[in-house]
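Novice: Mind having a look at this structure? Questions to follow.
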Amino acid sequence: MNIVEIAKNLIKCQSLSPYDAGCNKIIIKCLHNMGFYVEKMKFGKTENIWAYKGTGYTLLFAGHTDVVHAGNVKNWKYPPFSSKLKDGILYGRGSADMKGALAAMLIAAKKFFKSYKEPKGRLAFLITSDEEGSGSNGTKKVINVLLKRKEKIDCCLIGEPTGEKNIGDIVKNGRRGSLSVKIIIYGKQNHVAYAENNNNPIYHSNKIIGELLKTSWNDVQCILPKTTMQIIGIRSNIKKFTNITPSKVEIIINFRFNFKSNKKIIKEKIVSILKKYKYFYDIKCILHSDPFFTKTGNLLKSVIESVKIYQKITPCIINSGGTSDGRFIYKISKQIIELGLLNKTIHKDNEHIKVKDLLILCNIYQYILKKILIKN
């Protein structure tokens, strides 16, 4: 199969997270045909692939087969899983995020091993069907298995869609950490007609939120963007009635933080605000990921060089955006770069990619393989 055929076949699989829906069969067949050792790791409903070929210095290609829901299919030009190719544009859910990049990786590997029978290093693949969802049974668990085996991964290229206007104009070498916080403010349930006696936790929560919004969490940008806070939800324990006040209110918050913050620092700031108002409260913090950052190394140099050659531009290193599976891979590899297709239609109606972009990305990946596994 050529790169377009692989991409089309992957897009046709309705792999809503965490279901693989047949993507792995396509990928495994391609890998076996190249002589890769392939191991399937299934955790719960999630299907993962760990595969490699060669020995020594290891470059990992990482990605995911799962996709988000297509939404209202009436808003699509073509059915979201029909994999429609029209005028050089390939439509379909997951085309940009990130089945197109997976096809580019596979063809880049095929061309590389056709040219170099015995490279100096090892190429590995880690593919999961649980990246868009919770991520609990995906890359995270595979990495834990690899750590127990004492596997070594020297550098990792993740095919997340990073491009804004052109392939390679943006690459990422780090991400902020993610922390979710639930604050529970307690009051006293009462009849709404007796407002003067109300200990209403909604009013208490308003004061707390006001303080949170005024708080400086971290004004230092350092090597990653500033720490930010977003309030995700406010809900009371009253669901149906309209004549009673609630006894508690939950405030749900998410923080994206850089190396100048951490779970302990953020929690201490919140607690100091809660103590100031002397309300009864509980606070629960869930750390989803710590920040990570790749310093200059052979992978970043190779990525920049390849983009300059094939795109005639110098990529910008911008580490904004959400989390990626790099948060798990960082435990085993300190060189992680994200480089993929354009992100302007990801998770949207009519997600699509240009075939010419697929070919460019494949050439870039192939050049990186040569630089890392031949000239390293």
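Heads up, the Cβ atoms here are built off N, Cα and C, so glycines get one too.
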Novice: Per Swiss-Prot, what member of Asp97, Asp154, Asp325 joins Glu132, His347 in binding Zn(2+) 2 at one site?
Specialist: Asp97
Novice: Which single residue out of His64, His191, His204 does Swiss-Prot record at the Zn(2+) 1 site shared with Asp97, Glu160?
Specialist: His64
Novice: Counting across all protein chains shown, how many other Cβ atoms sit within 10 Å of the Cβ of Glu131 (active site, proton acceptor)?
Specialist: 28
Novice: With every protein chain in view, what's the tally of Cβ atoms within 10 Å of the Cβ of Glu160 (Zn(2+) 1 binding site), excluding that atom itself?
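Specialist: Taking all protein chains shown, Glu160 (Zn(2+) 1 binding site) has 26 Cβ neighbours within 10 Å.
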Novice: Using the structure shown, find which entry in Asp66, Asp97, Glu132 (the recorded positions) has the sparsest Cβ neighbourhood within 10 Å.
Specialist: Glu132
Novice: Give me the Cα-Cα distance between His347 (Zn(2+) 2 binding site) and Asp97 (Zn(2+) 1 binding site), rounded to a whole Å.
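Specialist: Answer for this pair: 8 Å between alpha carbons.
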Novice: By the DSSP assignment reduced to helix, strand and coil, which category contains Asp97 (Zn(2+) 1 binding site)?
Specialist: helix
Novice: Return the single residue from the binding-site residues list (His64, His347) that has the minimum number of other CB atoms within 10 Å.
Specialist: His347
